[in-house]
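Asks: What follows is a single structure, and I will ask about it in a moment.
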Amino acid sequence: MFRQVPVLPVVVPLAAAALAVLLAVLARRGRLTAPRAAVAVALCVYGAGVVANTVFPIFLDKPAADAPWDAHLALVPLVDYEVADALMNVAVFVPLGVLVPLLLARSSWPRVVLVAVGVGLGIEVSQLITARLLGGGHLADVNDLLFNVLGGALGYGLLRAGTRVPRAAALVDRFRWSDPAPAGPHAGGPRAAGPAV
């Protein structure tokens with residue numbers, strides 16, 4: 001067995017540092033409340049979980065990488081791809097689709113999808129690099145990216161559907177990092193206005 005970089009001693013301090021930064025930003029802007037702090041905690045826990053399960057394992061004494069780069073790539077959509085993997089990748093990004101609109105001053109379908117694409121692409125590139133250089137056990141798969149983005153869009157759709165109920169919308173507004181703005185006829189997503197964080 002190859003020696004691995006331990007996950008928790010790396011991920012937990014990084015998540016704690018990120019949380020400290022987010023809380024400091026909220027406090028400096030006079031926006032630190034318990035609901036917003038809860039969003040920061042959820043974001044850091046979520047991010048730590050994603051990193052722990054996608055970037056790791058990282059090996060200290062990696063095996064020789066004789067295979068070409070494309071041996072760690074799956075670029076053909078929906079070929080030899082399991083339904084269980086698709087559902088898992090959708091589920092993993094649903095929280096992202098819910099959290100991102102709470103952080104943005106103005107959220108919309110294109111913005112949330114763009115964030116999901118960026119995060120998903122970052123994960124796949126990280127997996128390719130770790131697989132090639134650090135003997136990682138993951139495969140960079142275009143199918144993962146596609147279903148990750150679908151999950152992010154689904155999460156945003158669920159949030160939008162939920163906030164159509166006035167009481168639910170009022171509750172969600174307490175967690176937003178920007179002041180809610182009145183919904184207008186041209187509003188493109190969940191209501192929020194003010195400086196983005």
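Going from the start of the chain as shown, residues are counted 1 onward.
Note that Cβ sites are derived from N, Cα and C of the backbone, with glycine treated the same way.
TrEMBL entries are annotated by machine, without manual review.
As listed in TrEMBL for this protein:
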- 83-160: domain 'VanZ-like' (DOMAIN)
- 6-26: transmembrane segment (TRANSMEM)
- 38-60: transmembrane segment (TRANSMEM)
- 86-105: transmembrane segment (TRANSMEM)
- 112-133: transmembrane segment (TRANSMEM)
- 145-162: transmembrane segment (TRANSMEM)
Asks: Who are the chain neighbours of the transmembrane segment (112-133) in space, where the CB to CB distance is under 8 Å and they lie at least 6 residues beyond its ends?
Replies: 50, 54-56, 58, 62, 65, 69, 72-73, 93, 96-97, 100-101, 139-142, 144-145, 148-149, 151-153, 156, 189
Asks: Using Cβ atoms and a strict cutoff of less than 8 Å, what residues sit near the transmembrane segment (145-162) while being 6 or more residues removed from its termini?
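Replies: Contacts of the transmembrane segment (145-162) (Cβ under 8 Å, skipping residues fewer than 6 from its ends): 77, 85-86, 89-101, 107, 109, 112-113, 115-117, 119-121, 123-124, 168-169, 172, 189-190.
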Asks: How does the domain 'VanZ-like' (83-160) divide up by DSSP, counting helix, then strand, then coil residues?
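Replies: Split by secondary structure, the domain 'VanZ-like' (83-160) comes out as 65 helix, 2 strand, 11 coil.
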Asks: Near the transmembrane segment (38-60), which same-chain residues lie under 8 Å Cβ to Cβ, leaving out any that are not at least 6 residues past its ends?
Replies: 2-5, 7-8, 11-12, 14-16, 18-19, 22-23, 26, 92, 95-96, 99, 102-103, 119, 123, 126-127, 130, 134-138, 175, 177
